[in-house]
Amino acid sequence: MRAPKLTTRSQAIPPITSQFHSLSDVAWYGSAYQLTSSSLQPLTGRIYTHFSLKVFRYSLLQAKPMWTYIYQWTYIVFLIIFEIGSLLCATASTSKMLIIARAVAGIGAAGIQNGSLTIIARSLPLKKQAATLGTVMAVSQLGLVLGPLVGGALTDYVSWRWCFYINLPIGGLINLAMFFVTLPNSSSNTTTLSPLQIIRQKLDLVGFFILAPALIQLLLALNYGGNEFAWDSSTVIGLFCGSAAMFAVFLAWEHRTGEKALFPLHMVCQRNVACSCLFLFFLGGMTACASYYLPLYFQVVKGVSPMMSGVYLLPNAISQLILVISIGPLGMILTCSPSLTLSHADETLVAKVGYYLPFSIATGAVSSIGNGLTSLFSPSTSTATWIGYQIILGMGRGIGIQSPMIAVQSSVRPEQISIGVSMLSFSQSMGQALFLTLGQVTFINSLKAALSLHASSGNSAAVIAAGAGDVRAVVSKDELPGVLVAYSQGIDHVFYLATGIALGCFCVAWGMGWKDIRKRHT
């Protein structure tokens, strides 16, 4: 359900900005969601370590006290919170209300992502996890293919609000199914401590309440700088200083807390773990930039409908899907007898080769090329060109998307898997939140500068105030070409940023370790 969220919602961004006249809030629609999600990722990792994933029906059979129901619904409760946030998004009447609703949905999403990955990690040996993650990624990529089409169709023929309403029946079915499956629990869940004792002694709430304000201040400073306030204003400088101070306090507290910290420093200091987290941090950031700004390019610069925008994004999503799926059969062909057919391939290339590092490096390299080429888009870019560049962009993400998960699990003890998963999820969500904000700052500032060259001062203000969906309605035919060039240049600058992010991904990939995963948990 979470997999296609970026592509489905992104088709609705231009109409939303037009309805609420909120072009400057584009980043917040994603960042608010990712901010709460990333802030809670470490905490949910602790929760899944010490609380059950889902044993509600056993509690009923064993007549356990009512208070046990609360923490034994962990996964289901997070799913319900996500559904509530989706409902609030669908009924939002202002841009600020939508941003707050996205933050609520992010709280639930934090638990859903960690819970799903933890289930896989606890259920299978490491070698089999590569194949399972490949299957999960393939299903996710199918969602990414359908997401633009579904989001575009809903926005075009019903309303952008249905991009959020659609979560309600899907979540309801998942909740219903959860009551009829048996989910594994870690040995940590055998503790005799009461829920209140676990919360007080195991969850590091102090660390969470230090980290959350630090992240909020950082994103506020980045969002305000150059927009509502000058970069050298006391407000922006104060937010940066406050964020830095809170991060310093957080590090000191984590060092003092030791093994019970949100981010145990002995895990963070492991090179494989740290580089894997940074890899997902950069990968999440460049993915978010593409997911939000490619629809803007097609709907504003190319002038197509949300539905057709979804169709135009298919080369990106399908190439990623093909890479994720084909890695499994390809591994059997490359590492086994040439006489084997695709029907004999039942493991991923990572599992057969045994090393995840080559795929991580390839992801960074190909993604750098793909984002760099995408930054060349203009109003006159041909169909063949934007299809080809998107294919390269999607291939880059599909090559090594599961590598960080495998790297971390091969580097930590089994009882630390939930914490490791939460660190990865935090890194990905934080990368999306941070780079979406930086992308928005880059886009708005570049758009303003380009409009000053290609449009009159009056039209410049009107274009920004109108929102992405109404640009053509507020600009005369004579000035429209110049405005579209300005919009295209603003989006190109976002992909300059994405190219730099991808290069960061390439650099940190080299530190993820050269480990043979076939030697562990086979």
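The chain as shown is numbered from 1 upward.
Positions of Cβ are set from backbone N, Cα and C atoms, glycine also.
Where the annotation comes from TrEMBL, it is an automatic prediction and has not been curated.
Here TrEMBL flags 1-522 as domain 'Major facilitator superfamily (MFS) profile'. The transmembrane segment annotation in TrEMBL covers 73-93, 99-121, 133-152, 164-183, 203-224, 236-253, 273-294, 314-334, 494-514.
Of the candidate ranges 73-93, 203-224, 236-253, 494-514, 494-514 contributes the most Cβ pairs within a distance under 8 Å of the transmembrane segment (273-294).
Outside the transmembrane segment (73-93), and at least 6 residues removed from its termini, the chain residues within Cβ reach (under 8 Å) are 44, 47-48, 51-54, 56, 100-112, 115, 161-162, 164-165, 167-168, 171-172, 174-175, 178, 183.
Distant neighbours of the transmembrane segment (494-514): 271-272, 274-276, 278-279, 282-283, 285-286, 289-290, 293, 355-357, 360-361, 363-365, 367-368, 370-372, 374-375, 377, 396, 400, 403-404, 407, 410-411, 435, 438-439, 442-443, 446; these residues of the same chain sit at least 6 beyond its ends, with a Cβ under 8 Å from one of its Cβ atoms.
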